[in-house]
Amino acid sequence: MLNALYPLVRPALFSMDAEDAHHFTLNNLLRAHRMGLAGCIGNRIADDPRTVMGVRFPNPVGLAAGLDKDGAYIDGLAAFGFGFIEVGTVTPRAQPGNPRPRMFRLPQADALINRMGFNNGGVDAFVANVRASRWKAEGGVLGLNIGKNADTPIERANDDYLYCLERVYPHASYVTVNISSPNTKNLRQLQGASELDSLLSTLKDAQQRLADQHKRYVPLALKIAPDLDADQIGNIGDALVRHKIDGVIATNTTISREAVKGLPHAEEAGGLSGRPVFEASTRVVRALHGVVGDAVPIIGVGGIFGGADARAKIDAGAKLVQVYSGLIYRGPALVRECAAALRG
């Protein structure tokens, strides 16, 4: 039902401030779930299982991190038929993020710009939300995305990631290490060769210790930026293979404004997502696959607005895909369309 309704309600949502509309939609989706209406508004998507990173995904279309930063809306979002849901980014301590306004629509380009800044309630509240979700309890695949606090010096970033990993590990299907948001000062420095080696070494050691402690191996994925040249992609790919990282998510938002020059809000600071990032993110998927092959599975995300876009990510070397901005513009019908395009 929501597939048909969304084009009708979208103009009202787009008349609101982007962040207000975001919370309004999520709160009402969760309310519908609690009233037992999820079956009426959701997608029923046939199983099309894929095993990636040692995890069985019921279908290859997932929700990217950022839509549900605190893991508070998992059960409502599950109605859309995702094969997996990723929530976060979460940091050790609660933080407000950047001042509002911090999210902007560019409808002429089917794009968003955000400079949220990892606003979240902290990892302890995050874990409590995850533990309370029926989706996880019933076997849904749940990725937990971790980051660093804005006031943590970049030299101490490893400590924040380690702190979060230790707390989310028992509750995750996989854990994503986000080092590519442009909205936390100096964060992308962690994509540099020496910084990345240090971080991945720290987290792989912790992963093995936690696997022994909890008698369960939880895969680690790294989320990278689209604004990388060939040498950077090669260095990151080599590090992923060398450290035996289980997966990589390509990509986060871009700092480029080339595709949206002259549009209202185009010069707002932050990360650009949506249709304009499709080519850059797909280029990174293709180039990264050329480096890592099948040794490190790739989850493709960035600018997916239809089944053909999802298929292009797979053809470039991805094993799974994620959506976010396309969901804002297209609604839940996008999930069904992408799943159908990738079936079989």
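Count begins at 1; order follows the chain as displayed.
Cβ atoms here come from the backbone N, Cα and C positions, even for glycine.
Just one of Gly117, Gly122, Gly303 is listed by Swiss-Prot for the same FMN site as Ala65, Gly66, Leu67, Asp68, Lys69, Thr89, Asn145, Asn178, Lys223, Thr251, Gly274, Tyr324, Ser325, and that one is Gly303.
Cα distances from Tyr324 (FMN binding site) to the recorded positions Arg115, Gly117, Asn178, Ser181, Asn252 are smallest for Asn252. Per Cα geometry, Ser181 is the residue among the recorded positions Ala65, Asn145, Ser181, Lys223, Gly274 nearest to Arg115 (substrate binding site).
For the binding-site residues Arg115, Asn178, Tyr324, the greatest number of Cβ atoms within 10 Å around a candidate Cβ is found at Asn178. Within 8 A of the CB centroid of the substrate site residues Lys69, Asn114, Arg115, Met116, Gly117, Phe118, Asn178, Asn183, Asn252, Thr253, the other residues of that chain are Gly66, Thr89, Gly97, Ser181, Pro182, Thr184, Gly270, Gly271.
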